[in-house]
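Visitor: So Swiss-Prot has the following annotated:
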type: ACT_SITE; residues: Cys39; note: active site, nucleophile
type: BINDING; residues: Thr38, Cys39, Asn40, Arg41, Ser82, Glu87, Asp88, Gln89, Gln93; note: substrate binding site
type: BINDING; residues: Gly161, Ala162, Gly163, Glu164, Ile165, Ala166; note: NADP(+) binding site
type: SITE; residues: His72; note: site 'Important for activity'
Amino acid sequence: MLLFRADYNNYAVSELQKLRFDEDEFYKKYDNCVLVQTCNRIEIYFDKNAKIIDINEFAEFEMIKSNNAIKHLLRTASGLNSMIVGEDQIIGQIKNSHRKAKELKKTTKYLDTIFLKAIHTGQKVRNNTKINKGCVSIGSAAVQLAEKTVGLNNKNILVVGAGEIATLVAKALIEKNIRAIVVSNRTYERAELLAKKLNGMAVHFDKLGEAINYNDIIICATGAPHAIIDKDRLKNIKGYKVLIDIANPRDVSDDVMELPNIKLYTIDDLKMVSEENLKKRKDEIPRVEKIIEEELSVLTKQLRKLKFENTIKNYDLYIENLRKREMNKALNMIENGKDPTVVLEKFSKVFANKLISDFVNIVNDDTIGDIERVVNKLNKNKI
């Protein structure tokens, strides 16, 4: 397998945005692959036999090959490569990415085997270790960041968005001593649904400016393709406001930082929270690594078996094509009056000789030992 990857370790989130692919356009161009894109990572997994049309398209990405690429996926599914170590969302993201590629008929049996094992490994890790206990999502990390920087007691909080990440933010907020929670979303019904779970209030998206004005902390997590909050929208806002933008692409434009009463935090700032999170989970990492190694060993055997099955399938196809070709020659000879017994004798000899000659032509010093062992076993098992 071949992997091209870029994530929060080597790029700021704003830079990652520029590297993101339009999924539909990507899959029109490439086959035999799975594209995994989250708020802080972009990873493209190619089948070992895939043809990469434009290698320059991945010039900004780190390239990882073979077993290292496979192990990376298992570690990612287990939450070890996440900014928030042990977070659960990555399993669903990997599962959804694989499902989309499969629906588009872009995966292979080889990739399917690896991705299913990665998902299984991630689930096993969380069921058998404590790697995902405590603050283990981007949403909960954003709330923790707000608590550390400005405090949450008696604050009014505005959550912009009502999707998966916004819901994680909401879940983390429920436990805090907050004065009020407000939810705004482009689809008002979704905002209303989330607000109801929080005993909060929903506001229409066209009233977002007013909602910002009346809240102390604004956490943005929409799926908008472009910034929805900029300097112009905030220039008349009164009072000190803290904005935490955990969307990707970003919801808040950088120009808001020019306003003296606005403090902006982004996903990059969550690294402070992630470092504390890592300390709490350090003792669990060896247990996770052990499970990964065990599952990787099982996967290696599965892939070896898969490779053998493909080899047998290809060899069977080769023999069948050879049989048909020689049989047609034999049938023509019989139709032209040749003795069937003589023809069958000739057919069997030509067929056997052709098998041997084709076989001998591809043998070299590197393969002779393996072939010798196979032939010896065949002779021992001969009928």
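Each Cβ is built from the backbone N, Cα and C atoms, and glycine gets one as well.
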Visitor: How big is the Cα-to-Cα gap, in Å, between Ala166 (NADP(+) binding site) and Thr38 (substrate binding site)?
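Guide: Rounded to a whole number, the Cα-Cα distance is 14 Å.
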Visitor: Quick one: pull the CA-CA distance for Gln93 (substrate binding site) versus Cys39 (active site, nucleophile), whole Å only.
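Guide: On Cα coordinates alone, these residues lie 10 Å apart.
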Visitor: Using the structure shown, find which entry in Cys39, Ala162, Ile165, Ala166 (the recorded positions) has the sparsest Cβ neighbourhood within 10 Å.
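Guide: Across Cys39, Ala162, Ile165, Ala166, these recorded positions, the one with fewest Cβ atoms within 10 Å is Cys39.
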Visitor: Which residue among the binding-site residues Gly161, Gly163 has the fewest other Cβ atoms within 10 Å of its Cβ, if you could check?
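Guide: Among the binding-site residues Gly161, Gly163, the lowest count of other Cβ atoms within 10 Å belongs to Gly163.
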Visitor: Count the Cβ atoms, other than its own, that fall within 10 Å of the Cβ of His72 (site 'Important for activity'), considering every protein chain shown.
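Guide: Taking all protein chains shown, His72 (site 'Important for activity') has 20 Cβ neighbours within 10 Å.
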Visitor: If you measure from the Cα of Asn40 (substrate binding site), which of the recorded positions His72, Gly161, Gly163, Glu164, Ile165 is the nearest?
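Guide: Nearest candidate: Ile165.
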Visitor: Measuring Cα to Cα, how far is His72 (site 'Important for activity') from Gly161 (NADP(+) binding site) in Å?
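Guide: The separation of the Cα atoms works out to 31 Å.
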Visitor: Within 8 Å of the centroid of the Cβ atoms of Gly161, Ala162, Gly163, Glu164, Ile165, Ala166, which other residues of that chain place their own Cβ, given that this set defines the recorded NADP(+) site?
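Guide: For the NADP(+) site the neighbour list reads Thr167, Leu168, Val169, Asn185, Leu194, Ala221, Thr222, Gly223.
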Visitor: Validating a neighbour-count step here. Other CB atoms within 10 A of the CB of Glu164 (NADP(+) binding site): how many?
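Guide: A 10 Å sphere around the Cβ of Glu164 (NADP(+) binding site) contains 15 other Cβ atoms.
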Visitor: 10 Å Cβ neighbour count around Asn40 (substrate binding site)?
Guide: 23
Visitor: Let me check the 10 A CB neighbour count of Ser82 (substrate binding site). How many other CB atoms are there?
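Guide: There are 25 such Cβ atoms around Ser82 (substrate binding site).
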Visitor: If you compare CA-to-CA distances from Gly163 (NADP(+) binding site) to each of the recorded positions Cys39, Ser82, Asp88, which comes out shortest?
Guide: Cys39
Visitor: Report the nearest neighbour of Cys39 (active site, nucleophile) in space among the binding-site residues Gly161, Ala162, Glu164, Ile165, comparing Cα positions.
Guide: Ile165
